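Have a look at the structure below, then the notes.
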Amino acid sequence: MLNLPRLLYPLYERRLLKELNGARQPGHVAIMCDGNRRWAREAGFVDLSHGHRVGAKKIGELVRWCDDVDVDLVTVYLLSTENLGRDEAELQLLYDIIGDVVAELSLPETNCRVRLVGHLDLLPKEFAERLRGTVCETVDHTGVAVNIAVGYGGRQEIVDAVRDLLTSARDEGKTLDEVIESVDAQAISTHLYTSGQPDPDLVIRTSGEQRLSGFMLWQSAYSEIWFTDTYWPAFRRIDFLRALRDYSQRSRRFGK
C-alpha cells in the first residue's frame, strides 16, 4: 500500500525551498528541543529514555539543515538549570547523551564551531571537563557555529553577567559611581554566556508548549517565536523549513 504522505513530503519540501529562495532568513536560530519523553510514551516505549536517544540523533540533522540554508549560528537548548533537579539516573543518562552529541558535533568532518553556554559549575566536574575538552577541538573549524545550552537558565545567565560585570569593574579599580554610570544594556550583553554573538532572530519550541521558560531571556527580547505541536524526536526538515518560511513572512519590529 502506498504511503501517500511520504510520497508528498519531497514535493512539499521542494515547494518550501522554492518559496525560501531569495527570502529573508535568520542568521541565528535557537531551538528548544522539547517533548522527548512524551514522544516515547505516546510511541509505546516502556523505557522513556529512548526519547532522549532519538532526540539526540536529531540534533546533527538540525545542524545540517541549518548549513543547507546558510543559517550561520544555531543554539540548541539541551539541559536547563531546572532539569538538574531530576533523579540521578535520568541525569546521568542525559549527561552521557549530551556528551556524545557534543563529541559528534566536534568531529573534524562535521566542522562545527561548538560553544558551551550555561553555568557549567552547576554540572558534575567530570562531565563539565569532558564538554570543555571536546569543544576546544573545534576552535579552528569553519562550519556552522553551534551553541550547546547546558546547565542553562535565563535568570541565572543575567545574574552571572551582572556578577561578572561588577567583578571586572572592581578589578579595574572603578568607584561605585563609575560602575553605576557604566551599567547599561550593552555592558550587560558583553558579559552574557553568548557575548560577541548576535541575538537569535528566530526561536523554535517543539512539543506544543507555548512559552520560552527562561530560554535566552535577555537575547530573545526581539526574536520571532515559532511554536509547533511536533515533539522533538519527530521534528522533520519540512517542519524546520516551515518555520523559516513563517519567519520570512513576518515584519520584524524590534519593539517599535
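Count begins at 1; order follows the chain as displayed.
In case you wondered, yes, glycine gets a Cβ from its N, Cα and C as well.
Taken from Swiss-Prot, the feature active site covers Asp34. Residues or ranges marked as active site, proton acceptor by Swiss-Prot: Asn83. Residues or ranges marked as Mg(2+) binding site in Swiss-Prot: Asp34, Glu224. Among the features that Swiss-Prot reports, substrate binding site is placed at Gly35, Asn36, Arg37, Arg38, Trp39, His52, Ser80, Thr81, Glu82, Arg86, Arg205, Arg211, Leu212, Ser213.
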Where the distance is taken from Cα to Cα, which of the recorded positions Asp34, Asn83, Glu224 turns out closest to Arg205 (substrate binding site)? Asp34
What's the most sparsely packed of the recorded positions Arg37, Ser80, Glu82, Asn83, counting other C-beta atoms within 10 A? Glu82
Measuring Cα to Cα, how far is Glu224 (Mg(2+) binding site) from Gly35 (substrate binding site) in Å? 21
Write down the Cα-Cα distance for the residue listed as 'active site, proton acceptor' and Trp39 (substrate binding site), rounded and given in Å. 18
Using the alpha carbons only, what distance in Å do you get between Ser80 (substrate binding site) and Asp34 (active site) once rounded? 11
Which number gives the other C-beta atoms within 10 angstroms of the C-beta of Arg205 (substrate binding site), all protein chains shown included? 23
What DSSP gives for Ser80 (substrate binding site), in three states, is strand
Candidate with sparsest Cβ neighbourhood (10 Å radius) among Asp34, Glu224, the listed recorded positions: Glu224
Enumerate same-chain residues with a sequence separation of six or more from Gly35 (substrate binding site) and a Cβ-Cβ distance below 8 A; give 'none' if the list is empty. Gly51, Thr206, Ser207, Gly208, Thr230, Tyr231, Trp232, Pro233
Around the Cβ of Trp39 (substrate binding site), how many other Cβ atoms lie within 10 Å? Please give the count over every shown protein chain. 24
Can you count the other CB atoms that lie within 10 A of the CB of Leu212 (substrate binding site)? 18
